[in-house]
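Pulled from TrEMBL, these are the features on record:
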- 71-116: domain 'Glycosyl transferase family 25' (DOMAIN)
- 12-32: transmembrane segment (TRANSMEM)
Amino acid sequence: MNNFRYCHKYLKYFCLYLYLKIYILLFIIMLFENINVMYINLASRIDRNQHVQEQLKKIGVNNPERFNAVKLEDGALGCSMSHLKCIEHAKKNNYKYVFVCEDDIEFLDPTQFLTQLQLFLNSNIPWDVVLVAGNNMLPYLPVNNVCIKVLNCQTTTGYIVKREYYDILIDNYKTSIQNLLKEPFNNEYKIDKYWFKLQRKDNWYLIIPLTVIQREDYSDIEKKVTNFRNYMLDYNKVYKK
């Protein structure tokens, strides 16, 4: 009798486990059904290529598109050009949505991230760009426990763009690049600062709580090991130019 009860209890929990696994699988499939995923990676960074694919698998993305990053002496300029080409590629292929990320992205809590992203996408909030990670600074507009509307959010770690917004973002990136070519040491023209102009007039949101960061690693752009973990887990910082 005791064995029967044990088996019955075990079977109940096993069925619940299977149900949750199937639910999560369907949840992931539906979430990325209309979102094309692209990651930016330098050919020389084989380590990062492996890392980003492993990270994307954590959120159910098994066949992302790899974009060969533009390699320039000026890393900031190469970064801007790489992101521009990704959005141009999305436009050319008429992607409904594109999720662009860099090869140092790290998902600290994939389940929570997917849950929050799904809640956001299922809401009635009108959006143009969704930042899945960011080095955010005050001020921002509180919305709910899923997102905030940003005005000063840096880093191009990962973001989702709507098809209707491609042209606007492309124009912003092109202007950023043109200005960087003229004034390469002006930080205000870097891609993740120049897009503040769009954040302040359009619908840009950051998913919260913050669970996505850039991993600590050697940066080909900064020419040194960088660690932005603390910055990317706090969205209440004061903006400093």
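Yeah, the Cβs are placed from backbone N, Cα and C, and that goes for glycine too.
Worth saying up front: this structure is predicted, and the values here are computed from it rather than measured.
Secondary structure counts, DSSP: the domain 'Glycosyl transferase family 25' (71-116) has 25 helix, 9 strand, 12 coil. Within the model, the domain 'Glycosyl transferase family 25' (71-116) shows a mean pLDDT value of 95, rounded to a whole number.
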